[in-house]
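Annotation source TrEMBL lists substrate binding site at Gly40, Gly41, Arg62, Asn157. Summarising the annotation, TrEMBL assigns domain 'Aspartate/glutamate/uridylate kinase' to 5-240. As annotated by TrEMBL, site 'Transition state stabilizer' applies to Lys8, Lys223.
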Amino acid sequence: MKTLKIIKIGGNIIDTEAVLSSFLKDFATIEGPKILVHGGGKLATSLAQQLNVDVTMIEGRRITNAETLDIITMVYAGKINKNIVAKLQAHGCNAVGFTGADGNTIRSEIRPVIPIDYGFAGDVVKVETALLELLLNNKNTPVFSAITHDGKGQLLNTNADTIASEVAIAFASTYVTELYYCFEKQGVLRDVTDADSVIETITSMTYQELKNSGVIVAGMLPKLDNCFYALQNKVAKVCIGTPEMLFTTETKHTTLQK
Ligand SMILES: Nc1ncnc2c1ncn2[C@@H]1O[C@H](COP(=O)(O)OP(=O)(O)O)[C@@H](O)[C@H]1O
Ligand SMILES: CC(=O)N[C@@H](CCC(=O)OP(=O)(O)O)C(=O)O
């Protein structure tokens, strides 16, 4: 089986123009089939604040009312996604931008309102791989934003880490799938203020301990939950770290193990 790399980039890479540009230049050079998934939560938060729209995050997920849904659609599917696609084109990578509504690639359903009503936030129900596979075979690179749809005309906000793991799982029977979560830290840190405290391996057992001791909080919770969910569903490799981990074996990062 061929290897498919699913690479997710988080807010801190997207926020800084120079960091994003340099990442995309390197990303374009990755050989073989690949899919990019991007977040952009921090940019959405700052635009919402400028527009005096309340921002509420619970356990790393955004409460999404109608106004917030408009903002995130403009930011994720519009500004960020199209900017990334254009930059990849400039580097000779034939990227195609997606929300889950495009080509019905990712259908979701609204999150249950109990215990927390997240509003227009969706949990993934189905990733349709056929169209994506055609594109991959044609050497195109799908680029996903953090938006899905319910099949009834409603867009839904979906955590980008979740999109990356669900896409990786959907392809796990046709490719050896490798899932990389890239952000500004070298991995999961034992002490978030100490860049050298990278935990090189986390198993589901040690994850519980890290959660209980408060090392894993906020946005790190959906990230780690998605890592283990992917491993339990036949994704071959899951890593968290800086983008350098994609290009060299020298750099420290966190590897997740069942
Ligand atoms: N133990 C930890 N190790 C690494 N990063 C952590 C840790 N605890 C909190 N963080 C913070 O969590 C952030 C990642 O979560 P999130 O805001 O969802 O970012 P992303 O956009 O990468 O998904 C990092 O920017 C980091 O500052
Ligand atoms: C439901 C939900 O929380 N969606 C996320 C989607 C963006 C995201 O995941 O962005 P990062 O990866 O940059 O954090 C949000 O709106 O923040």
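Just so you know, the numbers here start at 1 and follow the chain as drawn.
Using the three backbone atoms N, Cα and C, a Cβ is placed for every residue, glycine included.
Within the set of recorded positions Lys8, Gly41, Arg62, Asn157, Gly41, Arg62, Asn157 have a CB atom less than 6 Å from some atom of ligand 2. Cβ environment of Arg62 (substrate binding site): Gly41, Ala44, Val55, Thr56, Thr68, Ile72, Tyr118, Ala121, Asn157 lie under 8 Å away, each six or more residues apart in the same chain.
Sequence-distant neighbours of Gly40 (substrate binding site) (same chain, six or more apart, CB under 8 Å from its CB) are Gly11, Ile14, Val75, Tyr76, Ile80, Ser145, Ala146, Ala160, listed in sequence order. The secondary structure of Arg62 (substrate binding site), as reduced to three states from DSSP, is extended strand. For Gly41 (substrate binding site), the Cβ neighbour count at a 10 Å cut-off comes to 25, with all displayed protein chains included. Under 8 Å, Cβ to Cβ, and six or more positions away along its own chain, Lys8 (site 'Transition state stabilizer') finds Leu36, Val37, His38, Gly39, Ala160, Asp161, Ile163, Ala164, Leu179, Tyr180, Tyr181, Cys182. The substrate site is set by Gly40, Gly41, Arg62, Asn157; from the centre of their CB atoms, other residues of the chain with a CB within 8 Å are Gly39, Ala44, Thr45, Thr64, Ile72, Val75, Tyr76, Ala146, Asn159, Ala160. DSSP assigns Lys8 (site 'Transition state stabilizer') to a strand in the three-state reduction. In this entry, substrate is bound by Gly40, Gly41, Arg62, Asn157, whose most widely separated C-alpha atoms sit 12 angstrom apart. Long-range C-beta contacts of Lys223 (site 'Transition state stabilizer'), restricted to its own chain and to partners at least six residues apart, with a cutoff below 8 Å, comprise Gly60, Asp161, Tyr181, Ile240.
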